[in-house]
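TrEMBL annotations:
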TRANSMEM  B:23-39  transmembrane segment
TRANSMEM  B:45-70  transmembrane segment
TRANSMEM  B:91-119  transmembrane segment
TRANSMEM  B:125-149  transmembrane segment
TRANSMEM  B:156-176  transmembrane segment
TRANSMEM  B:196-216  transmembrane segment
Amino acid sequence: MTDVIQMRGVAKSYQNFQLDHIDLTLPAGEIMGLVGVNGAGKSTTLRILMGLIAPDSGSVNVLGHSLPEQQVEAKRDVGFASEDMRLYKHKNLAWHMNFVQSFFPSWDNRYAQHLAQKFGLPLDQNLKGFSHGQRVKAALLLLLARRPGLLILDEPTTGLDPVARSEVLEELAEVLENENRSVLFSSHNTHDVEQLSDSITFLHDGRVLASEDIESFLEKWRCVRCKGDIDPQALQSSNLAEFRRSGSLINLKLDNYNDSTAAWLQSKGLEVVEVLRMTLEEIFIANVKRGRAQ
Amino acid sequence: MNADFNTVKRLVLKDWDLHQKPIAGYCGLGILGLAILGYPHAWAFYMGCVTLLTVMIAAGFHAISTTIIGEKKEQTTPFIMSLPVRPSEYVLAKVIANCVIFLVPWCVVVTGVVFLTLTTPIPNGILQFLVLMCVLLIMNYAIVLTVTVVSESEGLSIFFMVLVNLLLNPFIMLTLRNPEFYEHMESDVVYWSPTALVTIASMLAIAFVVVGLGLWRQTKRETFI
């Protein structure tokens, strides 16, 4: 399987923020969620992948094209939408469709009309009168109708009401059934990511904290409730993300949990009361806390 | 310069399409200014001149402000740059579109001024002065356009627009004190003094060089945001 995205040691410095030697790989046909809090570096990473920002160092390759030098060749088969991207408010959707169509021979007008109908988007109304949800859907329509091989979406569901969010996610899920299409999308909403993604990359403070498929994350992380009295220092391990006392119980959030972990805890004098699976959101928060501590 | 002509053309047509109404408005105001200018009274001549100067300055700054600064402020640049467009094509298209948007009302005004001067009681000898003023506005526009394209700063753009237009008054005073101009002002014969021709050629050359340097600098950029 070839990689549609390869980032190697990509760094970018701003006055108050630094993207710190990011390595990221997206195999063809895979859907990856890029998860991080605001300011983690998600948008900067995606803009570098679109050739909109040049990295200070490192290499970026998208669909076999080196960026930013070969950005036009790469962008011919990439659909990009970001939360802060705006369309021309004094023009209607039909005008935007004609404009975008002129750049893409692959434009599927029938599909564009279908999406407009499905999203309930009027073609002849100026975008100034569109709600935020309608603008997001319009941007998605404009990129999906190009039938791109790679979708790069920066916070596609941010600010949407529950109905619009559900419609956007449904349409994305439908589009993603096409196995030839690869997707990288950023979000701070782990529910959206869980719904769509094959794999997740956690980004925090300009660094990649972890990158794996969803099943591996869910399989490796556990919340363990124990009884006993122990100094947290005695449990120091790279696998321990969180130590919290709650009454007589101790809550531990552990990475790389396996059969021997319970025995290790018992050897430290702890009685394991309960071992719980963690949600992606809990895993994300635990990763961020561990990243901060490091 | 690495640029695809069709891409540049699409982007220029996009800006033209977005600014058709303002262009039509400035052309209309230009025609109104010409009508005032053609009225056979001294006050109408001065009022017409001021109207035409204002229309040309406003047309130029409106174009720069909406197509370059506005696109950045309203965050439509990422939309354009998400299309298969090189930064060099984007910059080239912006410069061409702006020049076209400015030159359409400018041409209407200049054609009208020449026509009125030659066909009404306005003395034909004033033509060299009027054309000189119009060409000065092209040079001023080129400077503000280049500063804006290079800096992408609204503040600098406004500062340079004010600065170059403040130079209009001293320029008018200096020109009118020059015998090559004032001695022919009331003449019925069109007269082109060597100073006028050299000044016109110099201002056009400065406009071309300034825009060319700005283009050369900006089209070397690999990214635009």
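Note: Cβ is positioned from N, Cα and C throughout, glycine not excepted.
It is B:91-119 that, among the stretches B:91-119, B:125-149, B:156-176, B:196-216, forms the most Cβ pairs under 8 Å with the transmembrane segment (B:45-70).
The stretch in closest packing with the transmembrane segment (B:23-39), judged by the count of Cβ pairs under 8 Å and taken from B:91-119, B:125-149, B:196-216, is B:91-119. Distant neighbours of the transmembrane segment (B:125-149): 49, 53, 56-57, 60-61, 64, 68-69, 91, 94-95, 98-99, 102, 106, 109-110, 113-114, 117-118, 156-157, 160-161, 164-165, 167-168, 171-172, 175-176, 181, 184-193, 196, 199-200, 203-204, 206-208, 210-211, 213-215, 218; these residues of the same chain sit at least 6 beyond its ends, with a Cβ under 8 Å from one of its Cβ atoms. Outside the transmembrane segment (B:196-216) by six or more residues, the chain places 1, 91-92, 95, 99, 128-129, 131-132, 135-136, 138-139, 141-143, 145-147, 149-150, 180-181 with a CB less than 8 A from a CB of the stretch.
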